[in-house]
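**Q** The UDP binding site annotation in Swiss-Prot covers 10, 16, 95, 120, 121, 122, 249, 252, 255 and is backed by similarity to another entry. The UDP-alpha-D-glucose binding site annotation in Swiss-Prot covers 10, 16, 95, 104, 120, 121, 122, 158, 159, 185, 188, 189, 252, 255 and rests on similarity to another entry. Sequence annotations record features per position, and here Swiss-Prot assigns site 'Important for catalytic activity' to 104 based on similarity to another entry. The Mn(2+) binding site annotation in Swiss-Prot covers 120, 122, 249. According to Swiss-Prot, the O-linked glycosylation site annotation covers 230, 232, 367. Annotation source Swiss-Prot lists region 'Disordered' at 331-355. Feature annotation from Swiss-Prot assigns compositional bias 'Basic and acidic residues' to 341-351.
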């Protein structure tokens, strides 16, 4: 019997928008050629404030075209207190933005689905065989979480790829546990291991809070190959298993869409960028997205490519006959009062103005029409 399966990612910061869009595009491509018996729904989980306040209508249109369902989520109960409590451990990672990954605890609330496959926005499935993951454990229970061992500490699992059974009681138990417990790493990976992974339950105080039925099912590493691995990676193993790798996970501060990633310019980073270029070219988004100001995560990272030469962009705009672009960049009217497409979706109009050197016609339907033609809404 076919299951209802959600393949989800979480967007907790606009810095990860390039990753989420590229991931959804790649999943759509692979699903067209995969033999999948289940009913698949691509879902984006996103905080209400982030979706309503920080995304422009063009971005919302593209998100809606790539994901069948956009699930607006509220902050967790006492989320700010939990973040503050976990601050010290999170500082050891030097990744303050990961505090919001605790929102993954909302995944167990998706009870409209029989199973949830969660993928971090900085992952890239490589082939249609990736979807075999859905057939590995047909008898999985709500007490079990399937994940790949973390390369930094293999007795713990990495939360970049998770297979789980939604359940409201489990969601409540996990979120209560999250409030009362300090995470090993200050983020989702630590707390999920403390909840599901018996190896992490050394403390009697922790043991009485979780069920003895909790279990971590170990997935093959090929379903979540992390990189860069800073000396941990086995080159012979990579060579031997290369044809069987199902998904690459770009961990750490620098992402394939980061400005300065020349040190990691290997095959898989190039593959991610090639997929991104394919996505943007299909609906002529180069002019817009190369000028997106995504802001910085609270590190030294700038999370987007250097914009191409302005003249190249102007020439490209002329070739594509993009009527929504105002080439007179010296006279951009930032105070133009124009109707936001977001109003059609009951989303509050963004207060920030586009930072691009180009001015977009917010009333024009040409942009939205091209997006819809390039990415028709998925049927499954």
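Using the three backbone atoms N, Cα and C, a Cβ is placed for every residue, glycine included.
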**Q** Can you grab the distance from residue 121 (UDP binding site) over to residue 159 (UDP-alpha-D-glucose binding site)? Cα atoms, rounded to a whole Å.
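**A** One finds 12 Å between the Cα atoms of these residues.
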**Q** If you measure from the CA of residue 120 (UDP-alpha-D-glucose binding site) out to 10 Å, which binding-site residues from the list 10, 249, 255 are inside that radius?
**A** 10, 249
**Q** Which ones, of the recorded positions 104, 188, 252, have a Cα no more than 10 Å from the Cα of residue 10 (UDP binding site)?
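**A** Correct set: 104.
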**Q** Fill in the CA-CA distance, residue 255 (UDP binding site) to residue 104 (site 'Important for catalytic activity'), as an integer in Å.
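**A** With distance taken Cα to Cα, residue 104 (site 'Important for catalytic activity') is 20 Å from residue 255 (UDP binding site).
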**Q** Between residue 159 (UDP-alpha-D-glucose binding site) and residue 104 (site 'Important for catalytic activity'), how many Å separate their Cα atoms?
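**A** Each residue's Cα considered, residue 159 (UDP-alpha-D-glucose binding site) and residue 104 (site 'Important for catalytic activity') end up 9 Å apart.
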**Q** Taking only the Cα atoms, work out how far residue 252 (UDP-alpha-D-glucose binding site) lies from residue 104 (site 'Important for catalytic activity'), in Å, as a whole number.
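**A** Pair distance, Cα basis, whole Å: 18 Å.
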**Q** Which residues of the same chain, at least 6 positions away in sequence, have a Cβ lying under 8 Å from the Cβ of residue 249 (UDP binding site)?
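**A** 120, 122, 123, 158, 160, 161, 224, 225, 226, 227 - these are the non-local Cβ neighbours of residue 249 (UDP binding site), listed in sequence order.
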**Q** Using the CB centroid of 120, 122, 249 as the Mn(2+) site centre, which other residues of the same chain sit with their CB within 8 A?
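**A** Sorted by sequence, the hits are 19, 119, 121, 123, 160, 226, 250, 251.
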**Q** Taking DSSP as the reference, which of helix, strand or coil describes residue 188 (UDP-alpha-D-glucose binding site)?
**A** helix
**Q** Cα of residue 104 (site 'Important for catalytic activity') to Cα of residue 188 (UDP-alpha-D-glucose binding site): how many Å, rounded?
**A** 7
